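**Student:** Here's a structure for you.
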Amino acid sequence: MQRGFQLGLLLLAVQLFQEGLGNIPAITLAVLGFNVYLYMFPAAQLMKACMSLQFVYRHKEWRRLFLSPLHHVDDWHLYFNMVSFLWKGIRLEHRLGAAWFLYLLSVFSLLTGLVYLLLQALMTKLIEDSDSLAELIDMSSLSNECVVGFSGVLFALKVVSNYYNPGGVTYVLNLRVSNRFASWVELVLIYLIAPGTSLVGHLAGILVGLLYTVGPLKTIMETCAEFVSSEVNTPQPRPYYSYSGYTGTGRENREDPQHAEDYTTDYTSEYTDSDIAGLTEEEQIELAIRKSLNDIGQTRQRRASSPPHGFQPTNEDVSPEEILRRRRLRRFDQGFPSQRRRL
């Protein structure tokens, strides 16, 4: 169902214009735009997108974990969440980088929902077992609570942002609060001022942020990222080429290194026995000298380490003896031009 243009959307557009689209990092702008799009064109009705223990766990509707953070009740709900995300996203994306910030948002969105379900289950159990808590908290409202919105993720991002600026202060409803306690103060004030908000959902976001800043979540995410990166960047057998074309694949740390190519030509391989028999004695002596020089060069090359794939030798890369041997071969070629043959 499409929504009409509303005041919250207009104010959000004004806020973006004042900030300047060019000053907003790519991931922050894309996520913000995606939330606006799903508000205008919802992927599901709110009652089918909201998240609660009953729907997700008992009815096995796990898709609500992904739909709930991206849907909002009305335009004001969207406006306040997106403006808050805009400020946090600009700071964190510049600090963490686009790839890690997107990774962080993905993990926070899913994990905040899971922590919310866990907290809802624990609080329901505690209230059922305690008469004093049952008098303070409405059991029916807690068990039937179904939440939507990006607020849980925003509380997690707020904890991370304050963690990177521990000495700063935040103004919560014109109250000057240290960044160390800002998330907790905001949690209580929002619940008191707007009773319709989810205390458990916001608390879940704070706990996820703490899991990242002082808990093991960041280490786990880094380990997973390194594992995926190593799988993607695993070296594959690389083809190597000789002067005649494709010759196979190269591997590092081979037990029996083989040369991709001999840099000198075995002249005797160009002649058959009948050809050699048809040569003069002088020509046969020349071939014997060439073969002797070539065997010496090949023996030295096999003793050396295998050259890198695609390596082209120069005079600076070979020994003086090898240079001398090649010069002798060239002299023989120049001295007996008529004796060179090709089959």
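For all residues, glycine too, the Cβ spot is worked out from N, Cα and C.
Under the heading domain 'Peptidase S54 rhomboid', TrEMBL lists 60-214. Per TrEMBL, the feature region 'Disordered' maps to 296-323. According to TrEMBL, the feature signal peptide maps to 1-22. Residues or ranges marked as transmembrane segment by TrEMBL: 98-119, 188-212.
Walk me through the surroundings of each of these features.
**Tutor:** Here the domain 'Peptidase S54 rhomboid' (60-214) has a mean pLDDT of 87 out of 100.
Tertiary neighbourhood of the transmembrane segment (188-212): same-chain residues 104, 108, 111-113, 115-116, 119-120, 123, 142, 145, 147, 149, 151-160, 163, 172-173, 175, 218, 221, selected by CB-CB distance under 8 Å and a gap of 6+ residues from either end.
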